[in-house]
Amino acid sequence: MNKNRGMLLETIINNTIQYYWTNNLAYIEKKNLNIKFKNVSKDRTITDGYIANKSTVDYIGCLKGKFIAFEAKSTYQKYLPANNLKLHQKNYLKQIEQNGGISFLIVFFHFTNEFYLLPTFKIMTKWETNISIEEIKKIGFKIELTFPGIIDFLPYIKVN
């Protein structure tokens, strides 16, 4: 169940970044895991491999000359669980902010079918606890799902 928990959100974000690319609005890409292959057979079938190191965040890119990085999270709870974001991801998002970039989370709540953008600087002090949907509604931005299956989050990103 957990393995595919974020597939709906990921698909919608991928549709959105394709829309941004096609319309020259922003360049954003999905980061891949760094996988090392130990054994590849003669017919080029991978028979053994491993993840070389932890991934940082799900997406990186550039918006109006600014580096952006964000993580996509889904939850079936009425809160964003503190353990949904790993320490190395928190550190990465924080470091992007400290170096002049823009970082944030996009969160999907399954029980309400709602999407929110949460700027990193607004949640840094809240990372150690579960963040309720009520709190997220106060500090984040609700993003509407529009046809053809995109969530236009660019209007909520402040680029100076």
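The backbone N, Cα and C atoms fix where each Cβ goes, and this holds for glycine too.
TrEMBL does not curate its annotations; it predicts them automatically.
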Same-site residue for Mg(2+) (record: TrEMBL; known: THR56, ASP58, GLN89; options: GLU71, GLU97): GLU71
Cβ neighbours within the same chain of GLN89 (Mg(2+) binding site) - under 8 Å, at least six residues apart: THR56, VAL57, GLU71
Candidates ASP58, GLU71: member of the binding-site residues with the richest Cβ shell (10 Å): GLU71
Where LYS73 (site 'Transition state stabilizer') sits in the secondary structure, as DSSP reduces it to three classes: strand
